[in-house]
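TrEMBL has this to say about the protein:
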- 1-20: region 'Disordered' (REGION)
- 48-80: repeat 'ANK' (REPEAT)
- 167-199: repeat 'ANK' (REPEAT)
- 200-232: repeat 'ANK' (REPEAT)
Amino acid sequence: MGDLSSTDNSDEDNPTLERCKNARDGNAEKVYEVLIKCPDLVNKPDNDGLTALHYATKYGNLEVVEVLLNFGANADVTSKELMTPLHMSAKAQLLIVFIILFATNYVEPSTKSSQLLKLTRTGKFDSSSRFKDNLSNSNRSMTVNSPIAIVDLLVRRGANVNAADAYGLTPLHYAAMKANTLTAQALLTNGANVNPKGVKGMTPLPTACIHGSDDIVRLLLSNGADCCDMDNRKNSVYHIAALHGRNNTLKLLLQYGKNAHVMLWSSNGEGKTPLRLAVEGDHPDTVQSILELKSTQSSEFAV
């Protein structure tokens, strides 16, 4: 089975590849036509272990997602790395935003590659009554590239909002990693655990700190993220924020953490405090911020 980035017409006779391409491109009508002829293909993966539902969620194609689910697509189908459609949706926000800007002419024509042209072909299907009957009235009126609607739909159809991939990462981890606030909120609204740990012991909160999304950090904290949790190397979220020079994030953490000032001076598995990591990371502003936050009751502290 060929690479989905290829446009070679020799792949047209391969129904599995055609179905995945149409799911990726947002061609709901074509997906419907393929599945009417070959319904057993709905959950068949490509060489990467990805099904049409993975591609449809990755590229934010809501109508295609609903068509696939109506044909019996498994909402919790996993790839070779145990990625579910919810994982794909959580990872996709930056791409979806670019596609929306591109499709509405906010991106200069000079940046429009042939590949992106294919990705923007969403919602362009004919008025076939059979096809329209396969879509709910509410979803026809929704924006095609809607991460919230996709998460809601997948969960309604049985998707596990806390599913972990091969690295122990849940969709919320990926939403935190990609600064995907919309999907993170949708996941939490649908019951996502705010403190799941990956194989390295890291929860979504330090993941958001690493990638510098204060909006995600604030969202996680307001939903009960644990500031006192530590990864397998005994790094707290304060260590992570200091290491990466996240001043604003550090201040947010101090506002929410019950034992924030204690944790700020605690040592990790290597005996290093957040202050030490800020020094080693060459973040003078963060060093200054930590010093200013030093408890007035302490006359000395570890570096």
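Each Cβ is built from the backbone N, Cα and C atoms, and glycine gets one as well.
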Next item on the list: Provide the three-state DSSP residue tally for the repeat 'ANK' (48-80): helix first, then strand, then coil.
Entry: 16 helix, 0 strand, 17 coil
Note to self: Using DSSP, what is the helix/strand/coil residue split across the repeat 'ANK' (167-199)?
What the structure shows: 16 helix, 0 strand, 17 coil
